[in-house]
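Worksheet: the structure to be examined is printed underneath.
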Amino acid sequence: HHPRATESATKYFLTQATASALLLFSAAMNAWMTGEWTITNMNSYTPTTILTVALAIKLGIAPFHLWLPDVLQGLDMMTCLILSTWQKLAPMALLILTSHQLNTNLLTLMALASAITGGWGALNQTQMRKIMAYSSIAHLGWMTLVISFAPGLALLNLMIYLLMTSSMFMMLMTLNATNMNKLSISWLKTPTLAASMMAGLLSLGGLPPLS
């Protein structure tokens, strides 16, 4: 319905197509080296690195995060909600499934970059969708950091993240707030929902009393 949405869709398609191609390429390379079509038993360095990069692009982990804020900014809130929650499930499932054989140093490096980028990128933003995109990058960074050492803990983190992000987007949809200005005047219209949103934001940041 809008040129900006078309642009977002194109960016999303190209990014995901590249990541999917890399994923298939890593599986094919592994099959060529080991003789079996499975990605849960990768022994070679190159296929595991390509797989890690492919999943990082799919999830929007730094330094492959630049598509995420741009894509979210051009979409409506409902699509943003689906893209931030439901679309994370399949790549995260693959990441958890193959976590025991991925390159830990590379994952740690990307995770720290994501945490820094997510916190830093959201500082000067006024658009709620971009803030939520950077929040997603930071959260995924922490999940990626934990995933090599305790996949169960990363899964718990993912569930909490999905719950908090879903509630945040639903509240933003109800208030019809796309930027900080609209959010600041929502207190006058619906004080209860505005208070809930503040609690949601504190929870997303992991700040007391919701730490």
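Including glycine, each Cβ sits where the backbone N, Cα and C put it.
Within the set 106-124, 144-162, the record from TrEMBL flags 106-124 under the feature transmembrane segment.
Of the listed segments 82-102, 187-207, TrEMBL assigns transmembrane segment to 187-207.
Remote same-chain partners of the transmembrane segment (45-68), defined as residues 6 or more beyond its termini with a Cβ less than 8 Å from a stretch Cβ, comprise 11-12, 15-16, 18-20, 22-23, 25-27, 29-30, 33, 39, 88, 91-92, 94-95, 98, 101-103, 106-107, 110-111, 113-114, 116-118, 133, 136-137, 140-141, 144.
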